[in-house]
Amino acid sequence: MKKFLKMTAAFSLGLSLAFGLFSPAQAAPDTSVSNKQNFSTDVIYQIFTDRFSDGNPANNPTGAAFDGTCTNLRLYCGGDWQGIINKINDGYLTGMGVTAIWISQPVENIYSIINYSGVNNTAYHGYWARDFKKTNPAYGTIADFQNLIAAAHAKNIKVIIDFAPNHTSPASSDQPSFAENGRLYDNGTLLGGYTNDTQNLFHHNGGTDFSTTENGIYKNLYDLADLNHNNSTSDVYLKDAIKMWLDLGIDGIRMDAVKHMPFGWQKSFMAAVNNYKPVFTFGEWFLGVNEVGPENHKFANESGMSLLDFRFAQKVRQVFRDNTDNMYGLKAMLEGSAADYAQVDDQVTFIDNHDMERFHASNANRRKLEQALAFTLILARVPAIYYGTEQYMSGGTDPDNRARIPSFSTSTTAYQVIQKLAPLRKSNPAIAYGSTQERWINNDVLIYERKFGSNVAVVAVNRNLNAPASISGLVTSLPQGSYNDVLGGLLNGNTLTVGSGGAASNFTLAAGGTAVWQYTAATATPTIGHVGPMMAKPGVTITIDGRGFGSSKGTVYFGTTAVSGANITSWEDTQIKVKIPAVAGGIYNIKVANAAGTASNVYDNFEVLSGDQVSVRFVVNNATTALGQNLYLTGNVSELGNWDPAKAIGPMYNQVVYQYPNWYYDVSVPAGKTIEFKFLKKQGSTVTWEGGSNHTFTAPSSGTATINVNWQP
């Protein structure tokens with residue numbers, strides 16, 4: 001759903017909002033902690049578990065793996081789930097306005113200490129898994145994890161786990177004794193290791209040089225034992241493992257290294273999640289400075305998960321921290337990403353994380369960080385704050401960006417910026433669901449508006465720390481009146497006076513000033529703000545959030561197919577739960593009509609799957625191509641494009657697992673279904689179809705498969 005309107009715009013926040021945190025009694029269904037499909041109303045706080053708080057010293061590793069002073073940042077420092085529970089219960093997180101936490105991968109990691117260039121390294125970070133069905137004892141037990149879930153939910157905080165199914169742990173093909181040989185366990189039972197891999201659980205194609213997407217998927221990431229997702233044992237194991245964590249009550253998943261796993265397998269993984277217990281899921285696909293990445297957008301639009309918005313993070317750092325771009329560049333990024341992502345509001349924004357240098361430098365002006373936080377918290381998308389950012393932590397690359405949090409002060413300006421703005425995501429639907437418009441801009445100043453129905457929020461930012469800005473000619477969607485700065489002048493903001501037609505009186509925005517103004521009003525007509533999940537099979541219940549649906553059941557439309565009655569399992573003014581009807585697989589627009597027949601806006605690009613999904617590798621031999629031609633796959637199911645060359649799967653690969661003129665691609669297809677398919681060559685708008693009759697293949701009911709055929713001239 002495109003939500004950046006390419007015209008001048010501004011955020012307006014009205015006086016009608018009370019600025020306290022929502023209590024459980026006040027929470028609308030769409031803003032509730034029980035809403036696992038929608039994080040648009042949430043603020044995520046990313047916690048590197050080992051570096052946050054040591055609540056139970058008894059579970060700390062012993063010997064050379066542990067440094068209680070946290071001087072050696074490659075060793076365990078003692079943070080655990082009990083420490084997070086303590087900071088939930090003492091009000092540090094709730095007081096900041098945090099409504100979701102993203103914690104380190106909770107699974108059991110290797111115990112070996114690995115010496116790299118004379119420096120000891122441990123699995124403190126959680127990314128060196130050995131058993132995806134057990135916990136990391138340095139973080140806590142299963143009971144401790146359940147206590148964390150319960151404590152978080154009691155304080156209206158959702159829990160997201162990091163999950164890294166790309167690999168296990170460091171391994172060497174030449175030295176079976178290196179570390180733990182990448183060994184994989186199933187709840188304590190050994191499945192296999194990297195050497196003597198008779199079951200083919202892992203890839204053995206060498207290390208990636210990152211030169212192509214294919215190279216990054218089917219070769220090892222550094223020295224990490226790369227899991228073979230086309231292996232049925234690996235596939236079923238990983239899908240069973242995530243179901244275990246879903247059963248433990250998690251509310252979301254952050255998928256590590258999605259650029260480095262087969263896209264078809266990941267779509268089948270998301271189908272398994274959505275068909276079981278759907279939760280908000282977002283992946284990590286790194287983008288560098290000024291990198292746009294069409295494959296990144298395609299993945300976000302078609303995989304069933306959203307992404308960490310590195311494009312956003314890199315541009316915000318350029319504009320607010322490094323001064324290497326200006327507000328016009330920031331605006332162009334916002335408009336570009338809104339056009340490229342089908343559901344831009346589901347992408348997760350941030351200004352720093354564990355894979356980047358900290359935003360704040362030790363001697364830098366703190367106002368830069370404070371402005372970046374304010375900008376991020378009010379924008380469309382789901383904001384995530386890296387632990388310690390509110391304490392102005394600094395640090396370069398890994399591991400210096402992963403130090404222990406120095407304090408839990410609630411008096412820093414950064415903490416208070418978050419505290420004042422985070423609650424608005426639940427109290428003003430313009431911030432959670434609204435369109436975005438630029439209203440006033442020059443090199444240093446951006447004023448933008450979020451609007452949803454009659455709800456408005458306006459943000460003004462002057463990044464010039466030395467010169468005030470004279471603002472004239474500003475027009476907003478705010479009703480006539482006077483609006484106080486929601487930040488209360490914390491960042492030198494001012495009151496805004498608005499006359500008839502939304503015209504604001506001229507004013508001066510202070511040097512380094514940031515102000516937020518808002519207005520809220522009831523929404524009389526049905527307006528959809530969010531749908532989740534955005535991909536599932538018929539019969540799965542999805543959640544539609546917004547405003548103005550009314551209290552009596554109406555009708556939900558998937559394209560022209562109407563759903564009513566018992567197939568709508570819940571209908572409230574801000575939320576509808578509905579079962580996907582028995583329609584053919586494909587892309588559908590969703591809309592709602594209330595009991596009186598008044599129709600809502602259209603929410604587009606919902607994918608109905610043809611059924612349960614499995615990952616199948618399609619291989620075609622001896623398909624020669626001319627320079628500039630690529631090979632694609634299509635067939636008689638929507639997952640293969642329904643014979644439409646424009647929707648065909650590809651371009652296929654031909655370098656790593658199979659080599660030219662043989663091609664391959666891993667695709668998510670309906671389980672147990674007999675599929676007809678063909679290959680085709682594309683070069684620009686020119687399409688050359690494979691000859692002969694259609695190939696046929698029956699997909700397995702579970703696990704994975706490979707279908708290998710010859711090109712038919």
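Note that Cβ sites are derived from N, Cα and C of the backbone, with glycine treated the same way.
Swiss-Prot lists Asn166, Ile217, Asp226 as binding Ca(2+) 2, and of His125, His204, His260 the one it places in that same site is His260. Binding of substrate is annotated in Swiss-Prot for Tyr127, Trp128, Asn220, Leu221, Tyr222, Asp223, Arg254, Lys259, His260, His354, Asp398, Arg402; the matching candidate from His153, His167, His297 at the same site is His167. Among the recorded positions Ile217, Asp226, Glu284, the ones whose Cα sits within 10 Å of the Cα of Asp256 (active site, nucleophile) are Glu284. Broken down with DSSP, the domain 'CBM20' (608-713) shows 6 helix, 51 strand, 49 coil.
Sequence-ordered, the extra residues of this chain that approach the Ca(2+) 2 site, with Cβ no more than 8 Å from the Cβ center of Asn166, Ile217, Asp226, His260, are His167, His203, Thr208, Gly216, Tyr218, Lys219, Asn220, Leu221, Leu227, Ala257, Met261.
Look at Asp226 (Ca(2+) 2 binding site): DSSP puts it in a strand. Taking only the Cα positions, the spacing between Ile217 (Ca(2+) 2 binding site) and Glu284 (active site, proton donor) is 14 angstrom. Taking the Cβ of Asp226 (Ca(2+) 2 binding site) as reference, residues of its chain lying under 8 Å away and at least six apart in sequence are, in sequence order, Asn166, His167, Phe202, His203, Asn205, Tyr218, Lys219, Asn220, His260.
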